[in-house]
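> Per Swiss-Prot, the features are:
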- Glu41, Gly46, Pro443: Ca(2+) binding site (BINDING)
- His64, His380: Fe(II)-heme a binding site (BINDING)
- His243, His292, His293: Cu cation binding site (BINDING)
- Tyr247: O2 binding site (BINDING)
- His370, Asp371: Mg(2+) binding site (BINDING)
- His378: heme a3 binding site (BINDING)
- 18-38: transmembrane segment (TRANSMEM)
- 66-86: transmembrane segment (TRANSMEM)
- 103-123: transmembrane segment (TRANSMEM)
- 148-168: transmembrane segment (TRANSMEM)
- 186-206: transmembrane segment (TRANSMEM)
- 237-257: transmembrane segment (TRANSMEM)
- 269-289: transmembrane segment (TRANSMEM)
- 312-332: transmembrane segment (TRANSMEM)
- 340-360: transmembrane segment (TRANSMEM)
- 379-399: transmembrane segment (TRANSMEM)
- 414-434: transmembrane segment (TRANSMEM)
- 458-478: transmembrane segment (TRANSMEM)
Amino acid sequence: MTNLVRWLFSTNHKDIGTLYFIFGAIAGVMGTCFSVLIRMELARPGDQILGGNHQLYNVLITAHAFLMIFFMVMPAMIGGFGNWFVPILIGAPDMAFPRLNNISFWLLPPSLLLLLSSALVEVGSGTGWTVYPPLSGITSHSGGAVDLAIFSLHLSGVSSILGSINFITTIFNMRGPGMTMHRLPLFVWSVLVTAFLLLLSLPVLAGAITMLLTDRNFNTTFFDPAGGGDPILYQHLFWFFGHPEVYILILPGFGIISHIVSTFSGKPVFGYLGMVYAMISIGVLGFLVWAHHMFTVGLDVDTRAYFTAATMIIAVPTGIKIFSWIATMWGGSIQYKTPMLFAVGFIFLFTVGGLTGIVLANSGLDIALHDTYYVVAHFHYVLSMGAVFALFAGFYYWVGKIFGRTYPETLGQIHFWITFFGVNLTFFPMHFLGLSGMPRRIPDYPDAYAGWNALSSFGSYISVVGICCFFVVVTITLSSGKNKRCAPSPWAVEENSTTLEWMVQSPPAFHTFGELPAIKETKS
């Protein structure tokens, strides 16, 4: 009973962070299963495993996206690493609103349940994660599936908004003595910017899907031209949320990578303030570029010119971050432990994804490439090899601090190389498919595309082996005995550590700080 009470009613940021990690792992495995089903269907031309049920294919695509974005990356990055380490890094005893933190987590399992139900009732929700009307309207999806998906999004949105309020309050009001804003670790800054993005963008999504809900069930016509509505309005509202959302997914990763690169290069991050302002700029600019997802809907040519230019401007702060990471490594004594491998892999592959993003920013080119596999390749490079690599990097970096046990280094490196090989083999060929005009969200294709698709599917099977490796690492780490105890600061002598989490024992006490730490100076 005591255990049940501890985990169900927890107000401790570490316990809630651990719950987020477990939840993210479960959702991640489910999302991966769906992606493998997608790749099995696309492994060769013709109908493969879904027996010609093309609606089911789109249900898989939709569920894969929602699971990975709202139930894997966001809970693990913001809920997991954010909850665990933001209070420790700023020298706070806990989050500002511990019970709000608890409800933020417990809104997610019901939300996940609603999403899974949506896939199981009637013919499921085969709309893609964008849920565009009229396809998501009552005439095209007549059952309750889309409505369930909408309620699922509402719940996970409320969870994220409450969480972001909590993070903003915590970071502004609960820093320890001497911890000025300009001394905040970069991961804390990244979570702060992310929280503001969530707070400003999610209500817009909530408005859009609520209007969709009333269009479907109460005969309103927000998105129906027959009653004076406009489906393009939905696209504007959705992408005004959807574009900041992709920065929400990657920004905490930026913070994690900054810490890791600094630690394993043995020197402070190059250009700390530049890094902070780059993140803030990315956050601000993220709200000014949404229509680049809509170049094909007949926007005015001047509008397209603006959104092309604005999108390219985002590459500037992003480039500042990448070159600062490289400058941090420059001349350092680099140790290629597993976290650093994932961090370097992140920098390399995120850069590739960013470059294809610059290609797609050109409205003229995008009209040819829109809704092809080129776009799929682009965002999977920044998510599947950006966000996910950052998650793995953060896991290996902090796992000793979280569980108080060291992970098997060799197996971690094997996990990295298998995953690195698998994801590249999966997504690199998609650039070629897109350039040849293979459209997204279609379960069958002409024979000409067979070769690259077969390669891509093979790559996804390798990625699954990598994920199995990862869970073996987790199992070994959790079941290792007292001889595998983790030092307070496993990566450096405590005197050389630049952030607070390495000053406390591994794992930290239930109440981290007996008295709040005072910060005298920081090495940067």
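The backbone N, Cα and C atoms fix where each Cβ goes, and this holds for glycine too.
What does the local environment look like for each feature on the list?
For Gly46 (Ca(2+) binding site), the number of other Cβ atoms no farther than 10 Å from its own Cβ, over all displayed protein chains, is 11.
Under the DSSP three-state reduction, His380 (Fe(II)-heme a binding site) is assigned to helix.
Sequence-distant neighbours of His243 (Cu cation binding site) (same chain, 6+ apart, CB under 8 A from its CB) are Gly286, Phe287, Val289, Trp290, His292, His293.
Look at Tyr247 (O2 binding site): DSSP puts it in a helix. The 10 Å shell around the Cβ of Tyr247 (O2 binding site) contains 22 further Cβ atoms across the protein chains shown.
In the three-state DSSP reading, Asp371 (Mg(2+) binding site) counts as coil. The local packing around Asp371 (Mg(2+) binding site), expressed as other Cβ atoms within 10 Å of its Cβ over all shown chains, amounts to 15.
Over all protein chains present, the Cβ of His378 (heme a3 binding site) has 24 other Cβ atoms lying within 10 Å.
Panel annotation: around the transmembrane segment (103-123), residues 16, 19-20, 23, 27, 55-56, 59, 62-63, 66-67, 70-71, 75, 79, 141-149, 151-153, 155-156, 158-160, 162-163, 166 of the same chain, lying at least six beyond its termini, place a Cβ under 8 Å from a Cβ of the stretch.
Sequence-distant contacts of the transmembrane segment (269-289) (same chain, six or more residues past either end, CB-CB distance under 8 Å): 182, 184, 186, 189-190, 193-194, 196-197, 200-201, 240, 243-244, 246-247, 251, 254-255, 258, 261-262, 307, 310-311, 313-314, 316-318, 320-321, 324-325, 327-328, 330, 524.
Residues 68, 73, 76-77, 81, 84-85, 246, 249-250, 252-254, 256-257, 259-260, 263, 337-340, 342-343, 345-346, 349-350, 352-354, 356-357, 405, 407, 412, 415-416, 419, 423-424, 426-427, 430, 470, 477, 491, 501 of the same chain sit 6 or more residues outside the transmembrane segment (379-399) yet have a Cβ under 8 Å from a Cβ within it.
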> Under an 8 Å Cβ to Cβ limit, what residues of the same chain, 6 or more beyond the ends of the transmembrane segment (148-168), are close to it?
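Sequence-distant neighbours of the transmembrane segment (148-168): 62, 66, 70-71, 74, 78-79, 82, 86, 95-97, 100-101, 103-105, 107-108, 110-112, 114-115, 117-118, 121, 125, 127, 131, 191-192, 194-196, 198-199, 202-203, 205-206, 209-210, 212-213.
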> Which chain neighbours of the Ca(2+) site, leaving out Glu41, Gly46, Pro443, have a Cβ atom within 8 Å of the mean position of the site's Cβ atoms?
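Here the nearby residues are Leu42, Pro45, Asp47, Gln48, Ile49, Leu50, Gly52, Tyr57, Asp444, Tyr445.
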> Which residues of the chain, 6 or more past the ends of the transmembrane segment (458-478), have a CB below 8 A from one of its CBs?
29, 32, 35-36, 39, 43, 392, 399, 403, 405-408, 411-412, 414-415, 418-419, 421-427, 429, 484
> Can you tell me which parts of the same chain pack against the transmembrane segment (186-206), counting only residues 6+ beyond its ends and a CB-CB cutoff under 8 A?
78, 81-82, 85-86, 89-90, 153-154, 157, 160-161, 163-165, 167-168, 171, 237-238, 240-242, 244-245, 247-248, 251-256, 258-259, 269, 272, 275-276, 279-280, 282-283, 286-287
> Are there residues at least six beyond either end of the transmembrane segment (66-86) with Cβ under 8 Å to its Cβ atoms? List them, or say none.
13-14, 16-18, 20-21, 23-25, 27-28, 30-31, 34-35, 92, 95, 101, 104-105, 108, 111-112, 115, 129, 149, 152-153, 156, 160, 163, 167, 170-171, 187-188, 191, 194-195, 198, 245, 248-249, 252-253, 256, 383, 387-388, 390-391, 394, 398, 402, 501
> Using a Cβ-Cβ cut-off of under 8 Å, list the residues of the same chain that are 6+ residues beyond the ends of the transmembrane segment (312-332) and lie near it.
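Non-local partners: 254, 257-258, 261-262, 264-271, 274-275, 277-279, 281-282, 285-286, 289, 343, 347, 350-351, 354, 357-358, 361.
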> Who are the long-range neighbours of the transmembrane segment (340-360) in its own chain, taking Cβ under 8 Å and residues 6 or more past its ends?
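Distant Cβ neighbours of the transmembrane segment (340-360) are 250, 253, 257, 260-261, 264, 292, 311-312, 315, 318, 322, 325-326, 334, 366, 369, 374-375, 377-382, 385-386, 389-390, 392-393, 396, 413, 416, 420, 423-424, 431.
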> Name the residues of the same chain, 6+ apart in sequence, whose Cβ is under 8 Å from the Cβ of Pro443 (Ca(2+) binding site)?
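Listed in sequence order, they are Glu41, Leu42, Asp47, Leu50, His54, Tyr57, Asn58.
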